[in-house]
Amino acid sequence: MSKVHLIESPYALDKIKGIGPKRLALLEELNIKSVEDLVLYLPTRYEDNTVIDLNQADDQATVTVQGEVYSSPTVAFFGRNKSKLTVHLMINHIAVKCVFFNQPYLKKKLELNSIVTIKGKWNRNKQEINGNRIFFKDQKNQEDTHLEPIYRIKEGIKQKQLRDNIRQALSDVTIHEWLTDDLREKYKLETLAYTIQTLHHPINKQNLLRARRTYAFTELFMFELRMQWLNRLEKTSDEAIEINYDINKVKQFIDSLPFELTDAQKVSVNEIFRDLKAPIRMHRLLQGDVGSGKTVVAAICMYALKTAGYQSALMVPTEILAEQHAESLIQLFGNTMNVALLTGSVKGKKRRLLLEQLENGTIDCLIGTHALIQDDVVFNNVGLVITDEQHRFGVNQRQILREKGAMTNVLFMTATPIPRTLAISVFGEMDVSSIKQLPKGRKPIKTSWAKHEQYDQVLAQMSNELKKGRQAYVICPLIESSEHLEDVQNVVALYESLQSDYGNEKVGLLHGKMSAEDKDQVMQKFSKHEIDILVSTTVVEVGVNVPNATFMMIYDADRFGLSTLHQLRGRVGRSEHQSYCVLIASPKTETGIERMTIMTQTTDGFELSERDLEMRGPGDFFGVKQSGLPDFLVANVVEDYRMLEVARDEAAELIQSGQFFEQQYSHLREFIKQNLRHIRFD
């Protein structure tokens, strides 16, 4: 079937008036490659040009007012090509002076006794407006409100040009309706054609809100249809491998561990084991706070697979983390399991031998990075795929790994506790196991907040820990200095400063621009206690495990979100020794102050994730752009979570009733298939 579109156009993008080769190239840089892309290129915000009563305006506020020109404008020139135009208006019986800089041409347009609309900053004391825009329209033609769409543009494209291009396209395209009449009527939604038209050219705020609501619901409904359909396919299209593990051997392995499992770990293991025995594929998320022992739970599951004659795979986002997982699992398993590590650094003969052993079944458990999904990586009999920190991988990467075993059980792990609402959006409908309990003997990390001027006191506190034979992390937001962020400390400068204080041999440097080999060398030195202080960016955020490190200083901590701060803090507190985390920050915003306060009040990652989500929104919540979240144009899974739940219920009903698979929905089914490029539906 040919490509299914939401919007169909009778002509190509370059047939629109004003779009020549040069404009076409600029539009392509904005990812606008078709008329459909142009129509769906929605405004990022709206400038409210509603005329207001000046008596109600706050001092220094940006206002839009209308008045009569009662004195001829004057222009004064100064400096080099600079000018100041002054005109007096009568606005609501108030004489107001209006000033425009470097717009002398306005003088000819500002006729005496004419009615004009001006936008600018209001100075109540001076009774003066510093104007930035002027509208020449007769008063009776002014609309009660005027919301002007503002688009993200590039140099070479003007707002008005883009608005005109979109206006022409809208007049000629056909916009298909995805929602049924019953659904629109039930939730009082508009047609999609009217909605898109309104998002580009709203008449008033109420009109815009209705359009936003309709488009958001449509996006959420389409997304949930995909998720519900995929969920149905995953549970019905393939029979799962039934893992007949040897429970006695598994119990012996658990008893041999050098520590006792927490109650939360035991519950999670039992939940996963029930899934492994079930006739449908496991699709479970294991989430737990930093240091809660998720890796041990994963290890027990891998061991169970081994007793049943199956291989396991564990994919992690970084080489450092892959190496640490491999090291800890080799230590846990001893001679009972053959664990192999596959990263981009494994090359040549060593790689060929590893792949040969993987394919003939000699390797029981393969741990690695993106290298696991390369075409030449072939398993003999994989029964369990575990993805750690899944939100850091694209859908495509996860899907390829899963397809290496057609009926494979899947376990996702994350140390970023995800609120239930967001978990559904990121991972789809799946079972969730949560570990909310730390291993015995762990002491809660003591977190404090210090201002920049208290830096020397923080250094003294760190020195005390070093004297006890402990180690420390020092975290910075930037690698090198930035002219845009002059007040933010950078990791290189702080590294050099600490070297002069503690000696070159005692301080290590780690950041994302270093080669994998260099990063590994520094981490190995820190792990072996060859260096005392590791100065780093957030590259240490996930999974780095050095139990002897008991002190962390996070410089310019207000530059990070709560979840990132909590992940960083989790690098300490991994032994029986008391650990400390000091946040150095002088926040200038209420949000920054609130963030620092919350961090000192709780060490509960689940509570922090909820607060972070409220404060930052889903995109920032994970600290990365490619967070695995659906890329909505209008909907926001946090603000619109009630709508998300309604959309999910409606989508589930449509899928479960079987109506979705009737002829009337064939167009919609094909659209969903084509827009889930990384997921197979056959």
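Backbone N, Cα and C define each Cβ position, glycine as well.
Going by Swiss-Prot, these are the annotated features:
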{"type": "REGION", "residues": "50-145", "note": "region 'Wedge domain'"}
{"type": "DOMAIN", "residues": "275-435", "note": "domain 'Helicase ATP-binding'"}
{"type": "BINDING", "residues": "GLY288, ASP289, VAL290, GLY291, SER292, GLY293, LYS294, THR295", "note": "ATP binding site"}
{"type": "MOTIF", "residues": "388-391", "note": "motif 'DEAH box'"}
{"type": "DOMAIN", "residues": "454-614", "note": "domain 'Helicase C-terminal'"}
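Cβ neighbour count within 10 Å across all protein chains ranks SER292 highest among the binding-site residues SER292, THR295. Using a 10 Å radius centred on the Cβ of ASP289 (ATP binding site) and all shown protein chains, the other Cβ atoms total 25. Burial estimate for the binding-site residues (GLY288, GLY291, GLY293): highest at GLY288, by number of other CB atoms within 10 Å. The domain 'Helicase C-terminal' (454-614) scores a mean pLDDT of 85 in the predicted structure. Report note: the ATP site is defined by GLY288, ASP289, VAL290, GLY291, SER292, GLY293, LYS294, THR295, and the residues of the same chain whose CB lies within 8 Å of the CB centroid of those residues, excluding them, are ALA415, ILE435, LEU438. Each residue in the region 'Wedge domain' (50-145) gets a DSSP state, and the totals come to 10 helix, 48 strand, 38 coil. In the three-state DSSP classification, VAL290 (ATP binding site) falls within coil. The Cβ neighbour count for VAL290 (ATP binding site), using a 10 Å radius and every protein chain shown, is 24.
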